[in-house]
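The structure appears right after this line, and notes come after that.
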Amino acid sequence: MKYRTRKVPLESNSEDDDEDFYRNPPRQDGEGYHDNEEGSSDATEGHDDEDEIYEGEYQGIPSDRKHKEGQVALGQPTSDATRDRKELEQERQADEEELAQQYELIIQECGHGRFQWQLFLVLGLALMSDGVEVFVVGFVLPSAETDMCVPNSSSGWLGNIVYLGMMVGAFFWGGMSDKVGRRQCLLICMSTNGFFAFLSSFVQGYGFFLLCRLFAGFGIGGAVPIVFSFFAEVLSREKRGEHLSWLCMFWMIGEIYASAMAWAIIPHYGWSFSMGSAYQFHSWRVFVVVCALPCVCAVVALTFMPESPRYFLEVGKHDEAWMILKQIHDTNMRARGQPEKVFTVNRIKIPKQLDELVEMESESGNPVSKAFFRIKAEVHGVNSFLFTGMLLFCAHYSYYGLSVWFPDVIKHLQADEYASKVKIHSNERIEDFTFNFTLENQIHKNGLFISDRFINMKLRSVTFIDSTFRNCYFDDVTSVGSFFRNCTFIDAFFFNTDIDESKLIDGTEVINSTFTHNKTGCQMTFDDDYSAYWVYFINFLGTLAVLPGNIVSALLMDKIGRLSMLGGSMVLSGISCFFLWFGTSESMMIFMLCLYNGLSISAWNSLDVVTTESFPTVRRGTGFGFCNALCKLAAVLGNLIFGSLVGITKAIPILMASSVLVGGGLVGLRLPDTRANVLM
């Protein structure tokens, strides 16, 4: 790549020798790059971006490197092949540290402005899509399983299949982002999620629906590790904690979006159409389509953003990195009203690539030694992985476990209250009567129905016990949660009803009766789920409770430190979780849930920042992806374990979540502080 050049003044601070060294490092022969002369910037001459001349004469790959390599203490040259492995590793480590310090100075020169905020919004949409994907499954689960007539034995698969896809996707896409780039991988994984999420809203079979959600989860699994890695690499050290915390708010916005759309769309069961009896498109499918919109917007916006310059530097594409850094600088300076300000960087440090080191170290070695050297180089420096992974596991296990357990507890409380209002009718005799209205929450014992007509009606949570139906006519009857126990039907006629063997239980006899044109499929509508509105509203309230914690963590992340916020938040959220034990009413349980969400969000934000800062650039996507994969495994385990305890006991789930959070918070205080880290 060639650049037109001319001499212009370098805007360097003579009081900062280190910064001047990174902008204008001395040559080996002692000559400087330029003499400072008077000049002007193209930005002031009306040139467009393509004609813009770099002020400072970009030098490309530093020429001093070839002199430094192969020098020994006495100045005698030696070949790379004869150098010690430890020396090669030390050289690469020194190069990486020098590049990290230089890159920090370059980002500071570029400033924080319009470019970072544009990238913030674009990556925020991708993170919002991840939040939507997590909650869309829980919201459509009851309607989708009912619409597709899913048996109870298979009902848990839909919730866990998405987390399994996200677990594999996090590790795969995180690793790929270190190989092919942040932007490229994020585009592919978000496109995968959007395509299969959209497709899942149209498929009819439960198996195909599971497959689509699996691939959608696989796609969105890469969002979190790539988004945080990408954004951190264009932030200076003093801005990183605060702005990564602000970015976390988009996950909350995604949850609010999913809750609001579920509340607004799914209850309207009339928002549907059908093509015969084979194809049904109900309101929950409309909700799935709407939830794919943030992903589509993120893909479109990403096409206008450049690759991470830090990634380009790490893989040796220094010309491309310099161009993007200059774009960041010029974008921010124009937004500040300083288009004439010069981008003074003309040399960027080049660390020796890992592949070069492997070849140099093992020119005379065997493949085993090559593999050992590569593995050792790959894992070098990731000393906080176990601590970070364990804390993420604890936080996700408790959160997702409670997210499954809590709505079911609310439903059980509502069911108990609903059952307490049941009306019981005994020994009744009804003859020649037309039922054309809804019967709900009733029990009829030892009843006798003679020549009665049940026309265009619903039986909702109605049970007939030891009753007799003689010469009765049933036309267009839907029975939801209703059963006939040990009843007798004599000379009865059933037309267009859903009453079948599954409803006629416990010894019910059917004598000389006719069934014709029975309803097929599941006949439940959203109106039959009396708790659904309330569950969506509770999720909406719980999400809003996160907002104050998000704001506090963003403002204080760089002031009180990641570890203090992490440990304090996990301990306090564990204590608040414990008080769920004493919740005896819906209102008290909801208040405690909101308190728990508000206290725990600071820990989540701290963990995201610490994880981003704990890994070097060359392994940041892989390390974050692996940690995120552990998070999804924790979510699956939390779903299974907490879900199995619903309706059995309240003590075990609460004690488990509380102890895991408090223990994790205490361990979090032992993490190495990453606040002062530059991005290695």
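A Cβ is built for glycine as well, from the same backbone N, Cα and C atoms used for every other residue.
TrEMBL has this to say about the protein:
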type     : residues : note
COMPBIAS : 26-37    : compositional bias 'Basic and acidic residues'
COMPBIAS : 81-93    : compositional bias 'Basic and acidic residues'
DOMAIN   : 119-675  : domain 'Major facilitator superfamily (MFS) profile'
REGION   : 1-95     : region 'Disordered'
TRANSMEM : 119-142  : transmembrane segment
TRANSMEM : 154-173  : transmembrane segment
TRANSMEM : 185-202  : transmembrane segment
TRANSMEM : 208-232  : transmembrane segment
TRANSMEM : 244-266  : transmembrane segment
TRANSMEM : 286-305  : transmembrane segment
TRANSMEM : 379-399  : transmembrane segment
TRANSMEM : 533-556  : transmembrane segment
TRANSMEM : 563-582  : transmembrane segment
TRANSMEM : 588-610  : transmembrane segment
TRANSMEM : 622-645  : transmembrane segment
TRANSMEM : 651-671  : transmembrane segment
Cβ pairs under 8 Å between the transmembrane segment (286-305) and the transmembrane segment (119-142), at least three:
yes
Do at least three C-beta pairs under 8 angstroms join the transmembrane segment (563-582) to the transmembrane segment (185-202), pairs 6 or more apart in sequence?
no
Quick test of the contact rule: Cβ under 8 Å, at least six residues beyond the ends. What residues does that give for the transmembrane segment (185-202)?
126, 129, 133, 136, 169, 173, 176-177, 209, 212-213, 215-223, 226-227, 230, 281, 285-286, 288-289, 291-292, 295-296, 298-299, 302-303, 621
Stretch among 208-232, 244-266, 622-645, 651-671 sharing the most Cβ pairs under 8 Å with the transmembrane segment (119-142):
244-266
At a C-beta cut-off of under 8 Å, are there same-chain residues at least 6 beyond the transmembrane segment (208-232) that contact it? List them, or none.
119-120, 123, 126-127, 129-130, 133, 137, 144, 148, 157-158, 161-174, 176-177, 182-183, 185-186, 189-197, 199-200, 240, 243-244, 247, 295, 308, 608, 611-613, 620-621, 624-625, 627-629, 632, 679
Mean pLDDT for the domain 'Major facilitator superfamily (MFS) profile' (119-675), rounded to an integer?
83
